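This report refers to the structure that appears directly beneath it.
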Amino acid sequence: MDIFFVISGFLITGIIITEIQQNSFSLKQFYTRRIKRIYPAFITVMALVSFIASAIFIYNDFNKLRKTIELAIAFLSNFYLGLTQGYFDLSANENPVLHIWSLAVEGQYYLIFPLILILAYKKFREVKVLFIITLILFFILLATSFVSANFYKEVLHQPNIYYLSNLRFPELLVGSLLAIYHNLSNKVQLSKQVNNILAILSTLLLFSCLFLMNNNIAFIPGITLILPCIFTALIIHTTSQNNIR
């Protein structure tokens, strides 16, 4: 999901920044587009899953499934899953809606981040300031990855940190930072040869990370996945720069 989050952050933030600069961005229209894009397919799939599960699941399992789907509609399923089911638990393989936690994280991110961008741009009128603010947010949220897992478990009652929004937002912010950087007027321009080398190296390093990281490695999203996110961003950046040329 980390690669998906980077791509999502890059694409959606790119659209937001373009519309903000053109004075055509509307939070209402943005949220309306998101709802129209996500909910029809989501509701259809969840209805089908619920119908099938009602026939083959025992009551307790179906009740958990129902709660997950209900909270997913409000973009809160990641918190419920954090309380009830670890991503790498054996029982997770039997949960047909396990992966919708990512929609919850995305929903929360795009509920907050566009508002930060539009308010900051109205005040400062500079994309450079948006980049700095986003970078500060990135480091603040990344720092929460260093908080003890016991704190999340004992204080926040979230034993499964895999799903936590504050540990996943940095992955989306990597993509957002790249999108904002592409809109800077004084960004660094690399030669096509350098871009090609960086693209190849980033691809190799990304696959190395994916190969080396497995279920046996202690998982802390912000720390464990930040390198794959950076390599993904480098691949997007170098290939997009070559396409522009």
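Each Cβ is built from the backbone N, Cα and C atoms, and glycine gets one as well.
Per Swiss-Prot, the feature transmembrane segment maps to 38-58 (among others). Sequence-remote contacts of a segment are chain residues at least 6 beyond its ends whose Cβ falls under 8 Å from one of its Cβ atoms, and for the transmembrane segment (38-58) they are 65-66, 69, 72-73, 96-97, 100, 103.
What Swiss-Prot lists as transmembrane segment is 68-88 (among others).
What Swiss-Prot records for 100-120 (among others) is transmembrane segment. For the transmembrane segment (100-120), same-chain residues at least 6 beyond its ends with a Cβ under 8 Å from one of its own Cβ atoms are 1, 4-5, 8-9, 12-13, 16-17, 20, 25, 27, 30-31, 34, 38, 42, 46, 68-69, 71-72, 75-79, 81, 129-130, 133, 137, 163, 165, 168-169, 172, 176.
Sequence annotations record features per position, and here Swiss-Prot assigns transmembrane segment to 129-149 (among others).
The transmembrane segment annotation in Swiss-Prot covers 194-214 (among others) and is backed by sequence analysis. Cβ atoms under 8 Å from those of the transmembrane segment (194-214) belong to residues 3, 224-225, 227-228, 231-232, 234-235, 238-239, 241-242 of the same chain, restricted to positions at least 6 beyond its ends.
Annotated transmembrane segment per Swiss-Prot: 217-237 (among others), in sequence order, evidence recorded as sequence analysis.
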(message) What residues elsewhere in the chain lie close to the transmembrane segment (68-88), defined as a C-beta under 8 angstroms and at least 6 residues from its ends?
(response) 42, 46, 49-50, 95, 97-98, 100-108, 111, 157-165, 215, 219
